[in-house]
Amino acid sequence: MKTLSEFIVERQAEYPNAKGELSGILSSIRLLAKIIHRDINKAGLTNILGQSGIENVQGESQMKLDLFAHNTMKAALMAREEVAGFASEEEESFIAFDTERGRNAKYIILTDPLDGSSNIDVNVSVGTIFSIYRRVSPIGSPVTLEDFMQPGNKQVAAGYIVYGSSTMLVYTTGHGVNGFTYDPSIGTFCLSHENMQMPKEGKIYSINEGQYLKFPQGVKKYIKYCQEEDKATHRPYVSRYIGSLVADFHRNLLKGGIYIYPSATNYPNGKLRLLYEGNPIAFLAEQAGGVATDGYRRILDIEPTALHERVPLFVGSEDMVKKAQEMMEEFKE
């Protein structure tokens, strides 16, 4: 069975001018995945569950594991010096790696270090999301905010790690999506899901229906559509919502479905972050044959205006996302 290391080397060999920087970043992420996998698996036995008592830049209480994952990723990237800078959902500003190697590095990375961390103390799947861009500031100088404020269509790689019944690393470099399952007996990620494709049609819708009254009319209509009985379209669909974006998206990637986190009266711009969640998940979805929009626009074409900008997200099987967007358009003001 092919390992992640072998796969990365093979892909790098397809580009004669490649110098291995991107491969080095992926190796750092692989290391991060192993460390977080180890600590999550013993979370109930160590003092890393619960709240840290600190709020992040969004005013949300940070879980202890959020901070652990954030600090672990920052340390792994700084040690390898393969990136010029790093931005995290858990930090107010970006971090420039202001060393000689850091200033001469070509890439920057944005991450949600631990998505769904509020679920960890009840043993529900969580994940890490990452997004990699080529910097736009001059090589040899420290990175600037402009390097991080790029639309998703400029990503060179993106992926996630899902920590569940097994730990999987799923990523794309713009040439399809591949998944690697961690074998703890040998400490290696092995290629288990080659060229992943999201079904064009799906039967699963994932949304927090407890917030129904706060949703836009187009979303309410789509939920009712999913619940109606119609043999021709195999409805009603199945409702499945874990509350962890990575876990919900991973299931829908494999089985077909739609994940929706819309705007709401209490979150008029949506709740998910464009740069840390929306763009990388959208890149993966499109590379697997799916679609990702904010209800009206392609996610990857949105020009960011702030490092922690929020965005509504409709992502999944093509037919389902297009139907939801059609209903959103009906009520567009």
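Every residue, even glycine, has its Cβ placed from backbone N, Cα and C.
Here's what Swiss-Prot has on this protein:
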BINDING   E89, D112, L114  Mg(2+) 1 binding site
BINDING   D112, D115, E277  Mg(2+) 2 binding site
BINDING   D115, G116, S117, S118, N208, Y241, K271  substrate binding site
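Overlay of Swiss-Prot feature records on the structure.
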| residue | record | Cβ within 10 Å |
| --- | --- | --- |
| E89 | Mg(2+) 1 binding site | 25 |
| D112 | Mg(2+) 1 binding site | 28 |
| L114 | Mg(2+) 1 binding site | 30 |
| D115 | Mg(2+) 2 binding site | 27 |
| G116 | substrate binding site | 21 |
| S117 | substrate binding site | 23 |
| S118 | substrate binding site | 17 |
| N208 | substrate binding site | 15 |
| Y241 | substrate binding site | 16 |
| K271 | substrate binding site | 19 |
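For the pair formed by N208 (substrate binding site) and D115 (Mg(2+) 2 binding site), distance between Cα atoms is given as 16 Å, rounded to the nearest Å.
Around the Cβ of E277 (Mg(2+) 2 binding site), a 10 Å sphere holds 28 further Cβ atoms from the protein chains shown. Comparing Cα positions, K271 (substrate binding site) lies closest to E277 out of the binding-site residues E89, D112, L114, E277. Annotated pair D115 (Mg(2+) 2 binding site) and E89 (Mg(2+) 1 binding site), C-alpha to C-alpha distance, rounded: 10 Å. In sequence order, D66, A69, H70, S88, E90, T111, P113, D115, S117, T128, I129, Y276, E277 are the residues of the same chain, not among E89, D112, L114, whose CB sits within 8 A of the CB centroid for the Mg(2+) 1 site. Taking the Cα atom of each, S117 (substrate binding site) and E89 (Mg(2+) 1 binding site) are about 13 angstrom apart. L114 (Mg(2+) 1 binding site) falls within a strand segment according to DSSP. Note: the Cα of E89 (Mg(2+) 1 binding site) and the Cα of E277 (Mg(2+) 2 binding site) are spaced 9 Å from each other. According to DSSP, E89 (Mg(2+) 1 binding site) sits in a coil region rather than a helix or strand.
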